[in-house]
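Step one of this worksheet: look at the structure below.
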Amino acid sequence: MLIDGGGLLLVRHGQSVSNAADVFTGWSDPPLSPLGVAQARQAGTLLRRLGLRPTSVHTSLLRRSIATAAILMAVLGCGQVPVYRSWRLNERHYGALTGRDKRAVAAEVDAATFRAWRRSYATGPPPISEPAAAAMYADPRYAGLSATVLPRAESLADVRARTVPYWSEVLRPLLLAGGTPLVVGHGNSLRALVMHLEGLSVAAVEQLDIPTAVPMLYHLDPRGRAVTGPQGRYLDPVGAAEPIRVGPGLPALSAADRCGAR
Ligand SMILES: O=C(O)[C@H](O)COP(=O)(O)O
């Protein structure tokens, strides 16, 4: 099956070593796990089979996003396209939970608090300490940013406030110009974007989990609103429903599956 035209492609990075270890990750910066690398390749293979060619790539400042984008684009073999990195696409800042084992945290607090920290719209986790924040933001990648945009913890509402401008000021204009921007984001930065694009209620977004490395595609309708195609939110709905996606998934590409072949 090939999909005509382009659109906005969103994909969560492949599994990181912290995801594999069930550790709160947020703005910490672990690499992809071997499974995450395989998932990124699989996502690239799917886009290639569907004939979808990103015209620009948008990542967070975190290497699991940057590496997933690089692997995926290498599989696509579409040559060089502009690549943009933005703190606005970073994962939700998990505050004092960053680096902590999720099961250990779950054992310390009641289930409602644990769920609120992970999935609620308005409640953020407890903030990271001042020294831990200072150490995190000493990293050169954050050097050009004002202290006012560097969080110590974020709710999903906070994440929405920083991701929606990236949609309206960067992604939407690219779509209107006929481009196919690819965003490689994170579980919660993508929940926030999907909430905005689909007009989800707070109750609906609190139920939403975004799987690793399953591409989503949105088009603009004649009124300029983001809509999904007939396949729904995910280009691989079966893969999206699997608790953990494991390769090989799709068969190897043949020479006929060259970038842009119809
Ligand atoms: O930052 C993290 O720990 C993950 O990217 C998302 O974790 P969550 O599913 O607990 O929000």
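Including glycine, each Cβ sits where the backbone N, Cα and C put it.
Residues or ranges marked as active site, tele-phosphohistidine intermediate by TrEMBL: His13. DSSP assigns His13 (active site, tele-phosphohistidine intermediate) to coil in the three-state reduction, outside any helix or strand. His13 (active site, tele-phosphohistidine intermediate): 31 other CB atoms within 10 A of its CB, across all protein chains.
Annotation comment: TrEMBL describes Glu91 as active site, proton donor/acceptor. DSSP assigns Glu91 (active site, proton donor/acceptor) to coil in the three-state reduction, outside any helix or strand. Within the same chain, residues at least 6 positions away in sequence whose Cβ sits under 8 Å from that of Glu91 (active site, proton donor/acceptor) are Thr25, Gly26, Trp27, Ser60, Leu62, His186, Gly187, Asn188, Ser189.
Among the features that TrEMBL reports, substrate binding site is placed at 12-19, 25-26, Arg64, 91-94, Lys102, 118-119, 187-188. Residue environment of Gly187 (substrate binding site) contains 18 other Cβ atoms, counted within 10 Å of its Cβ in all protein chains.
The site 'Transition state stabilizer' annotation in TrEMBL covers His186. Mapped onto three states, the DSSP output places His186 (site 'Transition state stabilizer') in coil. In this view, His186 (site 'Transition state stabilizer') is surrounded by 26 other Cβ atoms within 10 Å of its Cβ, with every protein chain counted.
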Where the C-beta lies under 6 angstroms from ligand 1, the matching recorded positions among Arg12, His13, Gln15: none
List of residues, in chain order, with Cβ under 8 A from that of Ser18 (substrate binding site) and at least 6 apart: Phe24, Thr25, Ser28, Pro30, Gly99
Sparsest-packed among the binding-site residues, when each Cβ's other Cβ atoms within 10 Å are tallied, from Arg12, Arg92, Lys102: Lys102
